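Novice: Handing you this structure, nothing more for now.
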Amino acid sequence: MKLIILDRDGVINEDSDAFVKSVAEWHPLPGSIEAIARLSKAGWTVAVATNQSGLARGYFTAQTLEAMHQRLRELVAAQGGHVDLIRHCPHGPDDGCDCRKPLSGLFRQIAEHYAVTLDGVPTVGDSLRDLQAGAAVGCQPYLVRTGKGRATEGKSLPAGTRVFDDLAAVASYLLET
Ligand SMILES: O=P(O)(O)OC[C@@H](O)[C@H]1O[C@@H](OP(=O)(O)O)[C@@H](O)[C@@H](O)[C@@H]1O
Ligand SMILES: [Mg+2]
Ligand SMILES: [Zn+2]
């Protein structure tokens, strides 16, 4: 299967240092919805792996998070595409979970859901931890310069990380190869 694993904040939608706390604060990045639709219409299975420590911090509820994800799904569906799976880490930095990126628990959940290995599966992130979490389980990391990506680009990236301006550019690259 052609599987791609996307980070959410800073890749699909605008990120905020104050967290994205509501549907009203959830703004798709230019071209991101269309990119997801293009990929899914071309046979890619689109999954999302996102840290959401705002839940543990009490910034928003699980219901609000689900409303954001329903909005995402609706916008992609309106372009003829489909977001197949969204897995989030609800924990805070001190909770000792195994699913908060850069740990790879969300990626293992996704691999188990589809009963696949993740070797070479593209994963797109804006933070170093996104890339590290995926690379640790064999994914091909893609960094985008949106969200925190420009700051991340100057850091020591996982070997073989490919860098693109945004998700739309990653989608175009994957759809041409
Ligand atoms: O980029 P993804 O994984 O989709 O989501 C990131 C968000 O959960 C938030 O993660 C926080 O990191 P801490 O959780 O405070 O370390 C901060 O970076 C926020 O700016 C950001 O909105
Ligand atoms: Mg992010
Ligand atoms: Zn977690």
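Any Cβ shown, glycine's included, is placed from N, Cα and C.
In case it helps, TrEMBL gives these features for our protein:
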ACT_SITE  D7  active site, nucleophile
ACT_SITE  D9  active site, proton donor
BINDING   D7, D9, D126  Mg(2+) binding site
BINDING   C89, H91, C97, C99  Zn(2+) binding site
SITE      T50  site 'Stabilizes the phosphoryl group'
SITE      R100  site 'Contributes to substrate recognition'
SITE      K101  site 'Stabilizes the phosphoryl group'
Novice: Could you tell me the C-alpha distance between D126 (Mg(2+) binding site) and the residue listed as 'active site, nucleophile' in angstrom, no decimals?
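Specialist: Roughly 7 Å, rounded to the nearest whole number.
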Novice: For C89 (Zn(2+) binding site), find which of the recorded positions D7, D9, R100, K101 come within 10 Å, Cα to Cα.
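Specialist: Final answer, ordered: R100, K101.
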Novice: If you count other Cβ atoms within 10 Å of each one's Cβ, which of the recorded positions H91, K101 has the most?
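Specialist: Ranked by Cβ atoms within 10 Å, first place goes to K101.
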Novice: If you skip the near sequence neighbours and keep only those at least six away, which residues in the chain come within under 8 angstroms of T50 (site 'Stabilizes the phosphoryl group'), Cβ to Cβ?
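Specialist: Within the chain, T50 (site 'Stabilizes the phosphoryl group') has Cβ neighbours under 8 Å at D7, R8, D9, I86, R87, H88, C89, L106.
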Novice: Quick one: of the recorded positions T50, C89, H91, C97, C99, R100, flag those whose CB is under 6 Å from ligand 3, and say none if nothing qualifies.
Specialist: C89, H91, C97, C99, R100
Novice: When you measure from the Cβ of R100 (site 'Contributes to substrate recognition'), how many other Cβ atoms are you left with inside 10 Å?
Specialist: 22
Novice: When the number of other CB atoms within 10 A of each residue's CB is tallied over all shown chains, which of the recorded positions D9, D126 has the maximum?
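Specialist: When each Cβ's neighbours within 10 Å are tallied, D126 tops the list.
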Novice: Cα-Cα separation of H91 (Zn(2+) binding site) and R100 (site 'Contributes to substrate recognition'), in Å?
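Specialist: R100 (site 'Contributes to substrate recognition') has its Cα 7 Å from the Cα of H91 (Zn(2+) binding site).
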Novice: Could you check the binding-site residues C89, C97, C99 and say which one's CB has the fewest neighbouring CB atoms inside 10 Å?
Specialist: C97
